[in-house]
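Would you mind keeping the following structure in view while I ask a few things?
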Amino acid sequence: MEKAVIAIHGGAGTLSRSNTSPETARKYTEALHQTLLAGQAILAAGGSALDAVTEAVRLLEDIPLFNAGTGSVFTHAATHEMDACIMDGRRLDAGAVAGVRCVRNPILAARAVLDNSPHVLLISDGAEQFAREQGLEIVAPDFFSTAERAAQLRQARGQEQVFLDHDVPVPPISPDTKFGTVGAVALDSQGNLAAATSTGGMTNKRPGRVGDSPLPGAGCYANNANVAVSCTGTGEVFIRMLAAYDVAALMEYSGVSLPEAADRVIKEKLVALNGEGGLIAIDREGHVVMPFNTEGMYRGVAWVGDIPSVGIWQE
Ligand code: ASP
């Protein structure tokens, strides 16, 4: 068994290096680093992969830089509708919520669905009611709004397009402000795998639109037999491809290694369907991959006992 490890992402997209100031890059790097330290500490103390990914994604949801929780993108109706999923590789247990508007941390609602309900996916009013009953923090709908996201929506509406977070072409307030869906995957000291993904979706999406992030097998998947995966990118394509599960299926049925399976999914199959994005994944031996077919993806990895490493662009 390899050492316990956690990997995280803060979304993929056209993160132009030339438009990113060192100060902005530092803010993202620092946010990723601190999140990795928190996840790593849970694993180092013998905590579960499930708890490590829950906490990492909860922290990322609370950072307005990323498109999840506070800082979520706007729908066409200038509202926020958030999706999240968590999966436990031990028994393929999963919990997810979609279209929630007032739950401060959608990943905690997803975790509560996993832990305390017989269901896998709750949506909208029903998911919010369940979160209330579970004692989770409920906030006003504008809690999630930021000026940068409002500017992105104006831009996207003007062009009558739906944008993947990082791809809104014109700078909002600061020319180098970029944002992203978040996710985490982990392997703990017991050999258990877990994955979590949380998002505000795509800028200017139709109210009611649900992406890949809350769907087990599409944007999130974990199976102790092979791999834990969290995706980011054009949700509609990831749904059609069952992207996260496809990595596991390639490993299980074709016997290919994790690097080969992940590259096939992101660099061949996703590209063939004009999809953009990336994923992070850990196999049961602790190998970590973070492929993407965009200019950049906010990402990082931390093995227990090692210094975390983070990246934004292609190496
Ligand atoms: N996959 C997310 C969605 O389609 C968006 C993203 O990853 O930025 O909702």
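All positions are counted from 1 along the displayed chain.
Cβ from N, Cα, C; glycine included.
Remember, it's a predicted structure, so these values are computed and weren't measured experimentally.
Quick paste from TrEMBL:
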type     : residues                                                       : note
ACT_SITE : Thr181                                                         : active site, nucleophile
BINDING  : Arg209, Val210, Gly211, Asp212, Thr232, Gly233, Thr234, Gly235 : substrate binding site
Taking Cα-Cα distance, which of the binding-site residues Arg209, Val210, Gly211, Thr232, Gly233, Thr234 are within 10 Å of the residue listed as 'active site, nucleophile'?
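Taking Arg209, Val210, Gly211, Thr232, Gly233, Thr234 one by one, the ones whose Cα falls within 10 Å of the residue listed as 'active site, nucleophile' are Thr232, Gly233.
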Can you tell me the three-state DSSP label for Gly235 (substrate binding site)?
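Note: Gly235 (substrate binding site) is helical by DSSP.
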What's the most sparsely packed of the recorded positions Thr181, Gly233, Thr234, Gly235, counting other C-beta atoms within 10 A?
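Fewest other Cβ atoms within 10 Å, among the recorded positions Thr181, Gly233, Thr234, Gly235, is found for Thr234.
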On the three-state reduction of DSSP, what should I expect for Gly211 (substrate binding site)?
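Reduced to three states, the DSSP call for Gly211 (substrate binding site) is coil.
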Just to verify: the residue among Arg209, Val210 with the fewest other Cβ atoms within 10 Å, which of the binding-site residues is it?
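Comparing Cβ neighbour counts within 10 Å for the binding-site residues Arg209, Val210 gives Arg209.
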Which state, by DSSP, holds Thr181 (active site, nucleophile): helix, strand or coil?
coil
Can you check which residues sit near Gly211 (substrate binding site), meaning Cβ under 8 Å from its Cβ, same chain, 6 or more apart in sequence, and list them in order?
Asp83, Thr199, Gly201, Met202, Lys205, Gly219, Gly235, Glu236, Phe238, Ile239
Determine the minimum-neighbour residue: among Asp212, Thr232, listed as binding-site residues, which Cβ has the fewest other Cβ atoms within 10 angstroms?
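Selected from the binding-site residues Asp212, Thr232 on minimum Cβ neighbours within 10 Å: Asp212.
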